Every structure is written in C-alpha cells, then in structure tokens.
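Feature list (source: Swiss-Prot):
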| type | residues | note |
| --- | --- | --- |
| TRANSMEM | 18-38 | transmembrane segment |
| TRANSMEM | 39-59 | transmembrane segment |
| TRANSMEM | 62-82 | transmembrane segment |
| TRANSMEM | 84-104 | transmembrane segment |
| TRANSMEM | 106-126 | transmembrane segment |
| TRANSMEM | 152-172 | transmembrane segment |
| TRANSMEM | 180-200 | transmembrane segment |
| TRANSMEM | 222-242 | transmembrane segment |
Amino acid sequence: MSHGGGGHAAELFPENQVLVIGAVLSLIGMYIAHFVPSLAMLLGGLLAAGACVAGANTTRRVAAYGLGTGVPSIGMVSLGMGTISALAGVLIPSVLAGSVALPFDLVLATPIIAAVVAIIVGFIVGKLTQNPVGMKVPIIVSSMTKLSLMGALAILGFCTAFAGGFSADLIINGAINNGIIALAFIAAGMSILHPFNACIGPNESHKRTITLATACGLMAWLVFSIAKLDIVSILVAAVFWIYTYGSFVSMSLADACEVKYVPELPKKE
C-alpha cells in the first residue's frame, strides 16, 4: 500500500539490505578499478551500477510519501550532495598528505572518506528539509542521508572506472577536466530518479521497479563504456542491459490490465 497516495507497493527486498549490497559492490568496484586499471571499466563500471540501484530503491521508499513532482528533484538533490562528497573524498587525502605525516597512504581511503562526507552532508540536508523547509515526511532525514551516500558512490564509482583510479591526479585529469563528471551526474542521476518515476502508480511492483533500476544502472555503465571506447565493456554492458530491460518490458506487459499498441500514423488527413 502507498503512503500518501504515492503508488508504493509492499517491499520485497528490505531497504537497508539493498543499501548495504549497493554500497559494498560500488566500493569493491572502485578498489578493483584503482588497483587493476585494465579492468576498471569492465568491473568497476558494472559494480558502480549497484549504487544506482540502491539509490533508486531509497527514492522509491521516500517518494511513496507523496512527493509528486519531487521524485525527479530528489534524484538531482542526491547527485548534488554526491558530487560535493565525491570531490571532497578525492581532494581531502591530497591536502592532508602535504601537511600531515601519516604511516599509510591516505589516498587508499578516498572512497571511505567520500562515503563519510556523504553521510554527514546528507544528514545536514535532511535536517534542513525538516526545518526551515518544513517537509513532514517522517523518513526524510534518513532517506537524504542514504541518497547522498549512494549519489557519492555512484559518481565516484563511474568516474573511477573511467579514469582508472581514484587518486586526485587521475580524477582531476581523467574525469573532471574532460567533463566526464558531468556525464556521471546525469547518467547516475537518471538511474536513481527514473525507475520509480516511471513505475509509480496503483499497480507499482517492487520487483518491476528494481528491475528497471538495474536496467538504468547498466545503461549508465554502457554509456561510460562507449565514452571510454572499451569494446569488451560495451559488448558485455549491452548484453546485460538488453536482457534486463527486456525483462522489465515483459513484466510491464504481464502486469498491465490492457496493452494498446500505437497504430501506424495516417499518411493523409
């Protein structure tokens, strides 16, 4: 049943479980991309899609409280918070390395630092939406925190996959100066906001929404693979996306009470 008429079906997968899986997969993907650059796009890009799926799942839950047109907006807020946090995670180690003597390479903690900053930023933004903004959604603080985290992991995950690592020099030259971070913002943002926005309604199904979220995450990976001109990743991502999106279409046709196909447009009035 929906909260506030938002069109939210019963949960098949616990939100926190999806969140943990998405976060762990994206973190693993970033470390693979950093230590094995030859597999950066193939595995790093694939696993970055996990953050998109988890973010889309959280969007589904918070949007069920009747956000209406706020469904796309909250996705953009997620990536706004995520971008700030990802950049902070990349730059903080390089700044501290020049001023503080540490017994280990702080660069290796970049994804973790980005995640911590994202949680803090999301919590603050969530509190601000309660006061002074005045939103009455009871889970808004926790949801903003989770969306900020998933936004940061998605942004940093795809940028790391493209750049071949998450050190400041690699990200700045391989993802920021060339504008790839803007592509990450749009691709990951659409993957997080679109699934529930497309499936919302009285017949919304958690399984169908998650399937579309997976397809959107895989499409983001495909877009990055094409931008990188990584042939193997392009082929694998295309196969995965076609299969997943085909599954979503099949579910939609099966769940629909009636399917009407658009006829051929008349050649004359």
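Including glycine, each Cβ sits where the backbone N, Cα and C put it.
Counting Cβ pairs closer than 8 Å to the transmembrane segment (106-126), the top stretch among 18-38, 39-59, 62-82, 152-172, 222-242 is 152-172. Contacts between the transmembrane segment (180-200) and the transmembrane segment (39-59): present, as 3 or more C-beta pairs lie under 8 angstroms, all at sequence separation of six or more. Across the candidate stretches 18-38, 152-172, 222-242, the maximum count of CB pairs under 8 A to the transmembrane segment (62-82) is reached by 152-172. The transmembrane segment (222-242) makes contact with the transmembrane segment (39-59): 3 or more of their CB pairs lie within 8 A, with pairs spaced 6 or more apart in sequence.
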